[in-house]
Each structure stands twice: as C-alpha cells, then as structure tokens.
Amino acid sequence: MEMRGIENKSDIALAEFRLTGINGPDKDSSGSTYPDAAAVEAKYEAERQIQLRAHETVSDIEITVDDGWTDLAQDPWAGCPDPAGETPHLLTQRSHLLSQHRHRVLIVGAGFGGLLFAVRLLQTGQFKASDIVIADTAAGFGGTWYWNRYPGLMCDTESYIYMPLLEETGYMPRDKYASGSEIRQHAERIARYWGLETRAMFRTSVRDLAWDEDKKIWNVAGRLLGDVMDTEQFRMAADIVLLASGSFASPRVPNYPDIAKYKGKLFHTARWDYQFTGGSLENPKLTGLADKRVGIIGTGASAVQIIPHLARYSRSLIVFQRTPAAVDARDNRPTDPVWWKEEMASQGAGWQQRRQKNFNAFTCNETPLPGNNCVGDGWTRMPSFSLLIGGPQNLAPDYIDQMRAVDLVRQAQIRERAHALVQDPVAADLLTPWYPGWCKRPCFHDDYLSALNEENVRLVDLRHGGLSHFTPSGVVANGEEYELDLIVLSTGYTVPVTRASPGSRGNISITGRNGMTMEAKWANGLATLHGVMTRDLPNLFFAGTSQAGACVNLTYSVDQNATHVAYILGKAFERRPPNCDKVVLQPTHEGEEQWAGEVLARAAAFRGIAGCTPGYLNGYGKSLDSLSPEQQVNMARLAAWGEGIASYVNRLEEWREKGELEGVEMTFLN
C-alpha cells in the first residue's frame, strides 16, 4: 500500500503526537487494558481542532436533473423490471390511483416506515388497503434499501430485529446480518402480504401539502417522474397524510469547487452504476473497473462496505479520507434453521419484540441489564452509545465520566485492531479513530482494513490540505492532482440535524391552518404530542426522532411511531358518531406544550455530543455557541426523548391504556 497526502509533518498537533498510553494501552494487574485518559482526551481535542479546520464549508448540491446533474439525480433502477416483470404496470397503476383524486390516507414513503404505518392502520380494523395510497419517488418498495444497491451492501443491525414483521410473515433471514437485496425483497414481501402492492404510486414526487380549512382535507401537489426527468405535475387530495420519508432520503453531495467541470464518471453511493462498473448487487464482480483509476471520497459506513470490492477489481483506488471510521468485527454467519426454530419461533407470540427490547436495553445501558444478551454483538457491547440515543442513566451527573472511561477502553481496542490488520504503520495511524466512540456511528466489517493493504490502494489524508477542487480529469487534494476515471461520492445524506422537520427531509413544503408551515413550527419552538403530530397541521402524522424515542434499531423506533399513530386514528374513528365519515385530529395546545416541556427537561441527556468531531450526528460541527439563549432552547426542543426508547415506549403505552386520547382535539364531520 502506498501512502499519500501526509506530507504536512510540521503539524505536530497530530502527525507527531505521541503520549504515554495512547498508542499501546497499559495493562493493570488483572491483564485488562486501560489507556492514559488525560493523554487520550488531549489527543481527541487536538484531532477535533484539526477536523474543524479541515471540514468543508461548501454548500450541498440539491441533486436534480436541472443544471446537468442527470447522473446524480436519476433513478438507475427505474427502467429495471421487478421480479414479475411488471414495471410498465406500475405506471398504469399510478394513473389509476391518481384518477380517483381523493383518498382517505396518503402515506409519503414506501420504505419500512411507510409500510409499517400502513400495516398498523390495517390492524386497527378501521382501515382497508383500498383506503390507503403510498407515494414514493422510487420505482419500488424499500426506501433507502431501494436506492442503495452498492457492492457489499449489508445492514449493521442484526436482521432478526431489524427486518420488521418477521413473526407475522413467517420469514427467516438467511444471515445474522442481511444483505441489501434480501432486505429490499422483504419490503416487497410485506407489501404483498398486506395487499399494498397495488396501492403504491411509484415515481411520484410529493412537493406540496396545503390544508384546506373549508373542506378539511390536504391538497397535494407534485410531479410524476419518468425514467430520468420530471414529466408532468399532478394534484390530488387526502383526508389524512402520514410522512415516512426516513432519515436517509436525500443524498448529500458537497458542492466542491468546479465539480461540474469533471469529465469522468461521477456518482453517489446511493445511485450506483453497475453498467459502468460491471457486476450487480447480488454478484458484485466489478469487471468494468479492471482498467479504471477509481477514487472514493469519504470513509463512512457505506465506504467501509464498498472499498474492499473497489480494491479487488479496480486498476487503482484512491481513498480520500478526512475522518477514519471506527471499525470493529462483524462476524456474520448464516442462520441455522434448527437454532431458528428452537430459539426464535418456539418462543411464541411476541418473540421479535422481546428480542428488540433486549437489544435496546444493552444499547441504551438500562439498569439492571437483562440476564441474557440475546443479540450479543458489537452494538450490545457499546453502552457509551447511549450518550447519543438516550438512556435511563443519562441525566446522572457523573454518567458522561462513567461512559468516557468505558469508551476509552473500547476505542483503544478499535485502534489496536487497526494496527493489527493494516501492515503499514503510517497507514494504521491514519486509520485509527481519535474521538469518542459515540461521536460517529460505529462500523462493523471483517474485510475493510485488510483491503487497504492492497498494492493498488492509496490513502489520501484530507485533514490538512483538503480536497480543494475538481478538474476535468480528477481532483486536487493537498495541492496534488489525482487523475481519475471514476469518482464515487460516499458523502452520506442530509439528516435530521441539518433537515430537522419531516417535511424538509422529504423536500416537501407543508402549510397548515392559519398559514402555519412545518418549517416555522420546527424553527420557532417545536411542540408535538409524543413526537408524531403537531397543532395547526391537522390530520398530519409523522415518524422521526424529535420529541420521540431514538434507538440504534431504526425500524423499531419507527414501528413504535406507527403503532401509536394507528392507535390514535383507530380510536378516533371508533368514537365517531353515526353518519360521520370524517375525523379531524390535532393536539391541544396544552397537550403538546406539556410534552415539549418534558422533552426539554430531559434534553441534557445528550450533552455528551458536545465536543464531538464534525459529522452528520452533530450537524457537521455546527456550534451552538453563536446562538442566542432562545435559539438554544428551540434547538433543545428538537431533541429525542432523553431517557431512552424503553422509557418513551412505556409512556406511550401508559397513555394508550387510559383510553382517553388525552391531549388530542377531535372534530367529527358529516
């Protein structure tokens, strides 16, 4: 492996930073390793300062087909027939659903969030599949798993708890950690099982939602998409709208200087082009890269899975890294059918939710912990991640110090692993993470670090000089030009920290009663009821983390939102008087302010994020110091439920057990 981009050895703050105990943890009398805490903390801060200086301040490109961004914006899978070869039928189905104009329920998003909303509504008995229409810009079900089909794609959360509705569908995942194609196929399975496959309007972009106070409906406007570009506008109406755009709906593309001048192949990881690289998700032999000079920008969770394949097949690979990933072992293995039958299916009804709750207990560091760690993976051995997602101990005065001590040992082990697997010691230094483990989503992979030993791979450190601009033939980083035939943008997504509201995450303009917009509600002191509905946006429900529960297993938290929304709607329709066909729901002012106050009182649970290196979890290093006290309070109102997902779910269940719909304002109309 040839190392490049580390010429700036004069920057002794990091390149030559050596303190006792930080590169090889000492051992105590019992043989356990422990690092020199003060030395490590000093290096963490030195690295953070370098990262803050190195972080790009360029804006993000909104990838549309306008201005020549066709390759970045288009759906590469839209022209591919589904397993039944029915892609043309999908457009006919869309036309049929649009011809009905008005629908009882519109769900925006056809990923697991949208599907769970639909399934939980159906289970109330108050809704039929024919009442529901699902809109998505994709040409199929799956959400982020529809778009992401890059080589090596897998889920980092155990499939037995991540893939929803396994118990209901009777499906056994093939492996402990499922591939992207298996997960996408499971989304299609759910749609078929509940009769939702004919209720989807694919290649449909909802752009505008406006509440009609006279008719008590949502007017919906947007565009119908073809294989490549926008084709025509549409309008429809819905009594109820559920937003399920997800946290990773919009690829993030930094607007690097002169990026439009690049003449080679350029695509984002969420828009992988197998026609150029060769291979497929199911058979990722990238034979088209045998004579290609490839560069990949970014070394986050997607890149960690992609880089081993690029290293194996490309003529040369340049890995542009600013912040190294913290990579632990994955240890994937096939599902043993005998074990599955004995340990899972034989446990009776509710086995999946019990396993999910067990996983949550360990990742949120509940006390006391369950006696049995069912999942038993890297996530459940990382209690410090509770500082990011919340937990029952987070508000204790000394909790951060406790978690820092635990995390120092874990991160030291992660760094030891990098040095053990990467042959070049200079490369190993660059690939070791010097930040608290909860500051960035940890990665789990068995081939990533060893792939960087390949002779055709170069690692370019962007912390000092950075990636300054594109050229027609490549990029310039640290003052050196790298000529590349293909550049892969592994630059992530716009996420809730930078696009806080559910509407903004889906690029939807939402206007409710009295001109109230969703963006204004989120910017000026958010108040919701349980994180799923807000006043002046009636009959609008959403999933997310603001004022709701957060956890590592995203499908579990979304399912809790969906279950709660379905309960509210189901009970409201049960209570409607005879001959009333419409119900209008919104929180009372007192109800949502009380809930917001409880969220605010727990917001300090996330104080451990302060001081993290820049990344999507903290708005790419955006400081709160420049905000006024009022603005800081408004930001705190956007927090998740600080006591952890179990506490949040318990509060919702207690509320539902009362059966009073407390805090919900209901209007019944003929």
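Note: Cβ is positioned from N, Cα and C throughout, glycine not excepted.
Record features, source Swiss-Prot:
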type	residues	note
BINDING	Thr144, Trp145, Tyr146, Trp147, Asp156, Thr157, Tyr162	FAD binding site
BINDING	Met154, Cys155, Asp156, Thr299, Gly300, Ala301, Ser302, Ala303, Val304, Gln305, Arg322, Thr323	NADP(+) binding site
SITE	Arg441	site 'Transition state stabilizer'
Winner by Cβ contact number (other Cβ atoms within 10 Å) across the recorded positions Arg322, Arg441: Arg322
Distance [Cα-Cα, Å, rounded] between Asp156 (FAD binding site) and Arg322 (NADP(+) binding site): 22
Most distant Cα pair in Å, residues Thr144, Trp145, Tyr146, Trp147, Asp156, Thr157, Tyr162 binding FAD: 18
Recorded positions near Gly300 (NADP(+) binding site) (Cα-Cα within 10 Å), from Thr144, Trp145, Thr157, Tyr162, Arg441: Arg441
CB contacts for Trp145 (FAD binding site) [other CB atoms within 10 A, all chains]: 25
Lowest local Cβ density (other Cβ within 10 Å) among binding-site residues: Thr144, Thr157: Thr144
Pairwise Cα distance for Thr144 (FAD binding site)/Val304 (NADP(+) binding site) [Å, integer]: 17
Cα-nearest neighbour of Thr157 (FAD binding site) within the listed recorded positions, Ser302, Val304, Arg322, Arg441: Arg441
Nearest of the recorded positions (Trp145, Tyr146, Trp147, Tyr162, Arg441) to Val304 (NADP(+) binding site), judged by Cα-Cα distance: Arg441
Distance in Å spanning the most remote Cα pair of Met154, Cys155, Asp156, Thr299, Gly300, Ala301, Ser302, Ala303, Val304, Gln305, Arg322, Thr323, given for NADP(+): 24
Integer Å distance between the CA atoms belonging to Ser302 (NADP(+) binding site) and Trp147 (FAD binding site): 13
